[in-house]
């Protein structure tokens with residue numbers, strides 16, 4: 001299932017690559033990096049505040065106030081007393097008196113009074129008043145962490161995601177990204193803001209066909225695809241004017257003129273049935289290129305036509321079910337995704353592609369045991385399909401880690417090495433093995449495997465990005481990492497993975513303007529709303545950090 005959620009056709013998701021390279025704390029702290037389990041982070045709906053830490057206190061006085069400031073402090077302390085008793089309306093009355101009595105030049109004290117009153121309003125769930133009082137407190141003390149945090153919570157409850165992000169970003173910066181509650185809150189808000197921006201952007205998104213390398217990798221992951229097999233067949237020379245419709249699409253595919261595939265297939269489909277021998281093949285090929293262009297509504301329509309047609313060959317129908325199932329996963333519909341894969345398995349129990357691609361779905365869903373079973377079936381049915389063989393090794397490796405089975409772990413590592421020997425021309429085998437070795441901190445051997453993968457497939461830009469990530473973890477060599485990632489873009493200017501990773505590195509370097517530009521370029525290449533959500537979250541984090549560091553003079 002080569003999809004935008006995998007890197008270079010491998011089964012390892014980009015979040016996992018980033019986690020390996022950058023480390024969870026650094027990624028969350030500096031880039032709010034979205035990990036696979038960010039949606040499972042604790043800290044959902046806010047229930048209110050802990051009264052024991054909601055207020056700023058001063059020592060209770062035992063004498064009659066002698067100055068206006070002492071009088072104000074006296075009122076504040078009375079307000080705090082009522083607050084602790086849960087008498088919030090009474091507390092507010094005394095905070096009002098404190099504010100009225102306090103000299104204007106006592107800015108820190110005024111900030112405290114407003115913040116304490118905001119705490120009382122928070123208990124009464126008067127969110128607009130909370131925001132107003134915290135804003136007033138911040139006018140007197142712009143780096144007042146408690147007021148920023150309280151206002152952020154109110155903004156979150158009122159779904160003002162952008163302002164909420166700015167406030168919680170300021171809090172995280174002041175805390176040097178050490179407080180987990182603040183980080184989880186930032187994570188939640190970034191996810192919501194990313195969803196909002198992605199929903200807006202997807203409406204006006206211009207269709208963009210994937211890079212040539214990605215297209216070739218995608219098709220290579222379907223060895224049982226009868227249409228792909230037909231595309232690879234060598235036809236006898238055709239006379240002038242004979243290359244139309246599906247044959248025109250086939251020629252366009254052969255010479256990598258991929259932009260002409262959809263128009264050529266449409267030409268074939270628009271012919272009458274009696275004149276068109278390749279209707280189903282054209283629907284399949286056009287539907288596939290719609291997927292690769294991010295035109296998912298159109299893709300679903302073509303694939304549905306194939307699936308529901310009574311006279312469609314089983315192999316083509318199964319292939320359509322696999323592709324539609326994979327597309328549903330990209331559209332965040334896992335239930336329909338698995339329904340299609342299960343139907344495909346019923347129709348074509350001997351077709352290895354079903355189990356290979358469903359195995360990847362299970363891996364991405366942390367269903368490692370199910371993934372192992374499917375990869376075992378895929379390899380049994382097609383033992384010479386290198387990608388399935390190495391992904392079976394990867395599934396066994398992940399299972400061994402979870403089960404803490406040392407014997408199985410040794411076997412899995414040995415199977416990786418055997419795969420590189422058995423399939424010396426399969427870059428996927430070297431890349432996936434290198435990723436596992438990187439995870440195990442065997443950096444030198446991982447680098448050697450990446451170098452070999454580049455030799456095998458020099459136009460695969462994603463491999464250079466992986467090498468760059470390795471340089472970061474292995475030697476903290478940022479300059480070399482960036483050079484490799486920029487070289488990836490020179491090879492393939494549609495390598496979204498390179499732009500995203502460069503953006504993340506630049507965030508860590510504090511080059512936020514450059515990072516935002518890279519994230520914007522990645523967003524332009526994104527093909528799904530889910531993918532856009534992730535990228536907007538990264539960009540929004542950088543934008544917010546830029547605003548706050550500039551406004552408050554706090555270094556990232």
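Note: Cβ is positioned from N, Cα and C throughout, glycine not excepted.
Because TrEMBL annotations are produced automatically, they should be read as predictions rather than curated entries.
Note that the structure is a prediction, hence the values are computed from the model and not measured.
Taken from TrEMBL, the feature transmembrane segment covers 15-35. What TrEMBL lists as region 'Disordered' is 40-65. What TrEMBL lists as compositional bias 'Polar residues' is 55-65. As annotated by TrEMBL, repeat 'TPR' applies to 72-105, 318-351, 352-385, 427-460, 496-529.
The listed stretches are 72-105, 427-460, 496-529; of these, 496-529 has the most Cβ pairs under 8 Å to the repeat 'TPR' (318-351). Across the repeat 'TPR' (72-105), the prediction's mean pLDDT works out to 97. Secondary structure of the repeat 'TPR' (72-105) per DSSP, as helix, strand and coil residue counts: 27 helix, 0 strand, 7 coil. Taking H, G and I as helix, E and B as strand and the rest as coil, DSSP gives the repeat 'TPR' (496-529) the counts 29 helix, 0 strand, 5 coil.
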